[in-house]
Structure formats: structure tokens, C-alpha cells
Ligand SMILES: NC(=O)CC[C@H](N)C(=O)O
């Protein structure tokens with residue numbers, strides 16, 4: 001335990017939910033005040049990947065795994081340049097991290113990046129509360145002089161909601177960059193960055209794809225300027241109902257019939273481009289143990305999820321869309337939420353979950369091969 005860890009842990013902290021429920025604990029990470037949407041993740045490993053996933057921008061993540069930080073923080077696993085969660089909630093932080101790759105403690109890393117957290121609370125009770133009442137706004141306040149509960153509650157209720165939030169531009173690259181193919185280059189892909197995780201271009205590069213990562217504001221002209229064999233739309237934070245610009249770019253791609261693949265936010269954008277609606281789930285899917293069925297093969301995959309919204313498409317019928325027939329290709333076996341879409345008359349598909357998942361599971365990595373097959377098909 002470092003001196004600073006003891007310092008943060010000595011400070012009292014309180015978590016205040018917008019419905020008035022409070023949890024008192026100790027500080028963790030940076031000392032201060034933060035707000036966001038309270039969500040829970042059931043992953044027992046991969047906390048670095050969770051923290052650095054830009055899709056978590058403006059969310060306060062509650063870890064259901066009781067002991068967090070055991071393997072410290074390394075320099076290899078981040079999915080982006082910084083921690084994006086707006087707050088972090090753990091029950092029992094590791095006192096002494098231990099792993100051959102560990103460079104520093106999670107507590108030190110959170111503090112260095114100014115991320116306010118809370119520890120020592122009953123995360124099981126908090127998770128059950130969120131599961132029953134739904135994801136909601138939350139504040140974490142830490143320090144020796146905390147305001148009255150009434151004042152804290154007012155501040156939580158003044159924080160912005162996730163519904164209606166348009167956040168991609170806040171997290172995406174401002175400049176285009178290129179991730180080179182590993183080995184022989186076979187294809188060029190234009191990847192629209194709505195909050196992309198580093199592992200996604202890597203999984204494509206492993207398959208001989210040179211990936212041009214474009215800002216969220218990229219136009220269809222920008223996409224076609226790289227002369228792509230395929231176009232990719234990434235994961236990202238916020239409410240897909242606000243993503244009008246990427247929806248219009250995707251429609252241009254569908255119109256031209258270029259092979260298209262979308263992950264998570266990208267799946268929601270494909271849903272909208274086809275004319276389906278999106279809606280907010282009560283408490284979302286977050287973790288690395290979600291069962292999904294690929295309805296084309298019947299195979300069940302264990303998959304990584306991080307989504308609070310979903311596509312509203314009919315499960316048991318083929319839909320007629322402006323781009324031909326479309327169907328729900330994947331479904332979550334816990335709650336029948338749409339987890340994937342595919343077009344039957346054009347080379348386009350998407351999934352709501354994370355086939356790139358670095359912390360595992362890797363059951364869904366075949367989807368990158370499916371994207372490669374679409375691009376091969378276009379050449380043949
Ligand atoms: N990981 C993602 O791309 C999340 C998509 C969207 N922000 C949601 O919460 O559903």
C-alpha cells in the first residue's frame with residue numbers, strides 16, 4: 001500500500017443516487033466530486049480495458065466483482081490514451097497489486113488521472129438497487145468536509161442525463177490516423193471513430209487490413225477518399241438517437257454497397273440507417289459473460305458487452321428496408337435483446353457486443369473474419 005493510497009482511503013466519501021439513496025464509504029483514486037450515469041459491470045477481469053473504453057465516457061462504473069485492482073495497472077492493456085469513466089465504485093480495493101506486468105497501483109492511476117472513486121461500500125446492494133430501479137444519475141463526493149445530503153442530491157439531479165447525450169465528438173480522434181496491416185496488406189478499411197477501442201483496429205490489422213481511423217465528423221467523401229474495401233463504424237458513448245451524422249454517412253455507404261461492419265454504437269447506427277428505432281435499456285449489459293446466440297449457425301457465444309441502449313427490430317421476421325431485406329442475426333439469451341443485424345441483399349452486418357474484447361472472451365472473433373469474407377466477396 002502506498003502512502004497516497006492510505007491518504008485517499010482515509011478520506012470519507014459518499015455516493016448519492018438521484019432517487020435519494022446514499023452509500024457511505026471511503027475515498028478511492030482522486031479526492032473530489034464527480035457525476036455521471038450509475039451503471040454496473042459484472043466483469044471479474046479486465047478493469048483496465050473497462051476504464052479506458054471511451055464508451056464509458058460520463059458513466060460511473062460500479063464493479064460487482066468485490067476485489068478490484070489485484071493486478072495493478074500495466075502499460076499494455078489500455079484501450080485508449082486515458083481513463084474515460086467519470087467515477088469508479090469498488091467494494092474492496094487491492095492493498096498490494098501483484099502481477100509481472102504491473103507498473104503502479106490502480107488507486108495511484110485513478111488519482112494521477114483525476115478520476116474520483118469510492119470504496120468500502122456494499123456494491124451488491126447498490127447493484128441490486130440499479131437492477132430494480134434502472135440506471136440513473138449519481139454523484140460521488142469525497143473529502144473531509146462534505147456538503148449536506150440535500151445539497152448533494154440537488155447537484156446530482158442537475159447533472160445531465162445519458163438519454164439524449166451526443167458524445168462521440170468528445171472522445172473521438174480529431175485527426176485521421178492509420179493503423180498499418182500486420183504482415184502483407186490485403187485490404188484498406190475506413191473506420192469511423194465514434195469512441196473506438198484500440199483493440200478493434202488491431203484485430204483488423206492482424207487480418208491484413210490497413211485501417212484508416214477517421215474522426216466522428218468524417219463525411220462520406222472523407223470515407224471514400226481513402227478508397228476503402230470496407231467501412232467500419234465503431235463503438236462509442238451516448239444515445240444513438242442523437243447520432244444523425246454517422247447515420248447519414250452509413251446510408252451513403254449502404255447505397256454504394258461497400259462491405260460494412262459495425263460494433264456496438266455501430267450496430268445501433270445500422271439499426272437507425274435501416275429505419276429501426278433505438279431505446280434505452282433499464283440497466284444495460286456490461287460485463288464479459290453475456291450469452292449471445294448467432295441465429296444463422298445456432299451457436300451460442302459467451303461475449304463482452306457494454307451497452308445501455310438497443311435496437312428495436314423484430315426478432316422473428318425478415319424486414320424490408322430501403323437497402324433490401326434485413327434480419328436480426330444475434331440475440332442475447334438473457335433477455336432477447338437484439339445483439340446483431342445483417343442485410344440479406346448487401347454486404348453489411350453489425351453486432352451490439354464486442355468481438356474485439358481483449359480481456360476475453362474471444363468466442364466472437366470470427367466476426368472480423370466475416371468482414372474479411374465480405375471484402376473478398378466484393379473482389380471476386
Ligand atoms: N459500447 C458502445 O458502443 C455503447 C453504445 C451506446 N452508447 C450504448 O450505451 O448503448
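Glycine too: its Cβ is placed from the backbone N, Cα and C atoms.
Positions annotated as active site, nucleophile by TrEMBL: 264. Every protein chain considered, the tally of other Cβ atoms within 10 Å of the Cβ of residue 264 (active site, nucleophile) stands at 31.
In sequence order, 197, 235, 263, 264, 303, 304, 305, 306, 364 make up the list of same-chain residues 6 or more apart from residue 354 (active site) whose Cβ falls under 8 Å from its Cβ. Reduced to three states, the DSSP call for residue 354 (active site) is coil. TrEMBL lists 354 (among others) with the feature active site.
Around the Cβ of residue 356 (active site), the same chain contributes 197, 199, 200, 202, 203, 263, 365, 368, each under 8 angstroms and 6 or more positions distant in sequence. Under the heading active site, TrEMBL lists 356 (among others).
The L-glutamine binding site annotation in TrEMBL covers 55, 236, 238, 265, 268, 306, 308, 309. Using a 10 Å radius centred on the Cβ of residue 308 (L-glutamine binding site) and all shown protein chains, the other Cβ atoms total 22. Classification of residue 308 (L-glutamine binding site) by DSSP places it within a strand.
Looking just at the domain 'Carbamoyl-phosphate synthase small subunit N-terminal' (11-141), the mean pLDDT is 97. For 11-141, the entry in TrEMBL reads domain 'Carbamoyl-phosphate synthase small subunit N-terminal'.
What TrEMBL lists as region 'CPSase' is 1-186.
In this structure, 236, 238, 264, 265 are the recorded positions from 236, 238, 264, 265, 354, 356 whose C-beta falls under 6 Å of some atom of ligand 1. Compute the center of the Cβ atoms of 55, 236, 238, 265, 268, 306, 308, 309, which mark the site for L-glutamine; besides them, the chain residues with Cβ within 8 Å of that center are 195, 235, 237, 239, 240, 264, 307.
Cβ neighbour count for residue 268 (L-glutamine binding site) (all protein chains, 10 Å cutoff from its Cβ): 30. The candidate set comprises the binding-site residues 236, 238. Of these, 236 has the most other Cβ atoms within 10 Å.
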